[in-house]
């Protein structure tokens with residue numbers, strides 16, 4: 001069972017290239033027993049990983065030969081592949097697959113399925129489980145209520161350690177598979193504190209539970225966005241946190257393992273949005289991927305045309321001095337890069353709540369200064385270079401001046417634009433990039449060509 | 001103690017703008033008691049957050065008036081600010097601050113301090129604690145050994161639930177503050193499985209611990225990189241994992257709360273490196289920030305000059321048809337954006353181990369196809385636009401052809417370059433951006449201007 005992470009670069013967790021090849025050979029031979037033998041030792045996350053690694057036709061063949069897909073594997077799969085597989089599962093197979101899952105895993109599994117598939121999975125659940133899942137699905141997407149576990153171990157706040165242990169050890173209490181804390185509640189089932197099992201086990205029997213409660217206690221409302229929940233777990237080092245309804249009554253719990261997944265998803269969203277890829281995974285098809293990327297490229301086309309409109313204003317200058325055309329992309333490109341640097345730091349700081357009303361002006365001032373300092377440094381280098389290449393000292397001066405202007409604008413736009421978008425309720429990761437690079441392109445071309453027209457013609 | 005996340009956009013966790021203002025007023029009034037009263041209800045993470053939000057001179061004043069800095073707050077601070085504060089703490093204050101910390105928190109605290117400061121902190125520790133910290137610091141940076149807790153609750157693998165509970169409840173066993181699992185070890189102290197406290201409490205006394213061990217069990221070696229550890233926690237949904245030395249003996253444990261912090265740091269590194277910001281936080285000074293950003297801007301300057309060298313080859317063409325200068329940035333910009341899209345998906349996939357030897361060719365093929373499809377679509381739009389603007393159908397054709405070529409190259413470079421860098425042992429997040437945009441700039445200008453020279457002149 002023990003397993004070290006291998007030094008081998010080609011191994012992704014428990015799935016080696018050799019294993020993938022062996023499985024595909026067994027598929028070709030139609031040897032289900034061999035596949036079983038190869039996949040049985042693997043963690044469901046690794047089996048899912050393997051299923052994602054092979055291509056669509058290999059995947060179809062694999063699932064025709066081998067019917068070992070269970071709920072745990074389904075839970076681990078990428079959304080797209082999961083839909084594809086659920087479509088091909090017989091209703092009885094699907095029913096069996098989901099029956100063993102905890103309710104919150106079923107919710108994760110079905111929330112993005114289309115209605116027909118969702119109905120098929122829900123139909124496979126027993127009455128009580130189905131009610132729990134349907135209730136969770138009634139909460140808004142990306143809310144704490146949607147992602148909480150409803151199985152909670154709770155105790156009256158006035159209990160002692162001894163009472164707690166006797167309760168947990170009594171035969172007729174059914175405890176969840178995984179729990180690390182007991183939540184203390186008052187008479188109206190409002191959570192007031194929580195106690196870790198480690199502390200329960202290491203304290204004397206007559207110790208009141210309140211005395212060994214954790215200092216860092218936060219509750220979430222069912223409607224709190226999961227992004228906030230994930231960042232709060234990270235900020236306050238929470239291990240688990242109760243979720244309450246609008247009457248402040250305990251209705252569920254979010255644990256750190258769920259929070260870690262949520263935080264990872266938040267990061268994925270930020271990094272992909274910053275690059276103009278709304279969502280997207282390696283398992284998406286060419287058509288899906290093309291569709292995801294097209295909107296941002298379309299936005300970029302508009303902004304690029306805008307920038308070339310600016311260049312168009314200076315056609316006469318370029319006709320007269322063709323060196324301007326050669327040098328102008330340098331100014332724009334440096335501005336774009338500096339703007340992206342400021343932007344990324346700002347977007348990340350907004351996501352981690354480090355950039356706030358208290359320090360925004362200081363940060364903008366810093367970015368302006370950084371832009372100015374780097375602007376001057378690179379202006380000197382580029383100015384000398386421009387002079388050396390084209391033999392015109394004034395061309396060097398124009399190049400240098402445009403560089404300074406554009407790097408200052410980059411610092412300002414890179415910080416100011418995400419802050420403004422955030423205030424307007426727009427995700428700064430999603431939209432800032434287009435605005436910032438438009439700004440640096442337009443300003444870069446205008447400053448350089450404009451100054452050149454005035455000074456050199 | 002209970003606290004909801006506020007709906008107020010301006011609140012970053014427990015720190016409101018109003019609170020920051022009130023604290024600063026109390027600082028100006030030199031009223032230490034008032035500051036105590038304001039900060040006392042806050043979590044150490046929030047106090048650290050507040051200290052980071054004010055500017056350097058306000059921070060100095062705050063710490064002159066108020067001497068409430070303790071080890072927990074120091075642990076939460078950004079590296080830069082922490083160094084600044086430790087420099088200004090009296091040795092006795094520092095000694096008191098670190099004495100209450102767990103050994104792994106002390107390691108986190110001191111690992112990036114300069115030698116003199118490190119010595120000052122270590123000097124404040126008692127003998128045994130100091131040995132533990134020094135041993136951890138002897139492991140490589142970013143290794144599992146550096147980040148593990150040495151306090152571990154272990155038990156012989158043949159024990160029953162009853163024996164375990166009696167052991168945990170016996171008066172003379174000293175248990176760590178936070179623990180969620182018991183690690184089962186064999187006679188040579190090699191970890192063989194782990195059992196959660198929840199299962200210990202919910203099983204019958206005569207149940208062998210082996211029977212209720214978790215299925216998903218992974219051990220790490222002291223030298224495993226923390227990035228791998230963090231991703232394994234996320235992939236396998238681990239809650240804690242034993243760390244072993246080179247003889248496979250249990251020497252420590254990494255828990256999910258540490259893993260979550262490590263995962264967050266990995267993400268931060270990736271997102272900042274992709275943007276050409278090696279490291280960097282909002283609390284860095286102008287000089288630090290300028291230094292961090294300059295290297296990437298310098299690289300970009302070189303690549304931008306390279307691209308303008310390509311333009312320089314076609315000066316005659318531009319002199320003859322100035323429209324070429326107006327339109328050429330569009331082709332380069334579209335290529336740069338498409339390349340960044342492919343690149344970001346690839347870097348993220350490499351980080352999460354989703355892109356492997358088994359699927360790399362399929363992914364590259366997909367990216368080429370996506371580039372071709374988007375290339376054709378935007379080529380049509382842009383071709384018509386170029387024709388409409390400048391009245392030359394052949395100019396439209398050239399523009400369209402260059403667009404297709406550049407978007408295909410963008411897909412190829414955006415995926416291929418990070419894969420090659422990864423194979424060479426270079427972090428693809430760090431270096432890919434420069435290579436990809438150089439590629440799309442050079443190819444964009446060359447394809448457009450080259451085709452134009454051949455077709456239009």
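Glycine is treated like the rest: Cβ placed from N, Cα and C.
Taken from TrEMBL, the feature domain 'CBS' applies to A:213-269. Averaged over the domain 'CBS' (A:213-269), the predicted model reaches a pLDDT of 91.
The transmembrane segment feature in TrEMBL is assigned to A:296-314 (among others).
According to TrEMBL, the transmembrane segment annotation covers A:320-347 (among others).
What TrEMBL records for A:368-390 (among others) is transmembrane segment.
Panel annotation: around the transmembrane segment (A:396-421), residues 327, 330-332, 334-343, 345-347, 350, 355, 360, 363-364, 367-372, 374-376, 378-380, 382-387, 427-429, 431-432, 435-436, 439-440, 443-444, 447-448, 451-452, 455-456 of the same chain, lying at least six beyond its termini, place a Cβ under 8 Å from a Cβ of the stretch. According to TrEMBL, the transmembrane segment annotation covers A:396-421 (among others).
TrEMBL lists A:433-456 (among others) with the feature transmembrane segment.
Each residue in the domain 'CBS' (A:213-269) gets a DSSP state, and the totals come to 25 helix, 14 strand, 18 coil. Ranked by Cβ pairs under 8 Å to the transmembrane segment (A:296-314), the stretches A:320-347, A:368-390, A:433-456 are led by A:433-456. Using a Cβ-Cβ cut-off under 8 Å and counting only residues 6 or more beyond its ends in the same chain, the transmembrane segment (A:320-347) has close neighbours at 270, 274, 307, 311, 314, 355, 363, 367, 370-371, 374, 378, 382, 386, 389-390, 392, 395, 399, 402-403, 406-407, 409-411, 413-415, 417-419, 428-429, 432-433, 436-437, 439-441, 443-445, 447-449, 452, 456-457.
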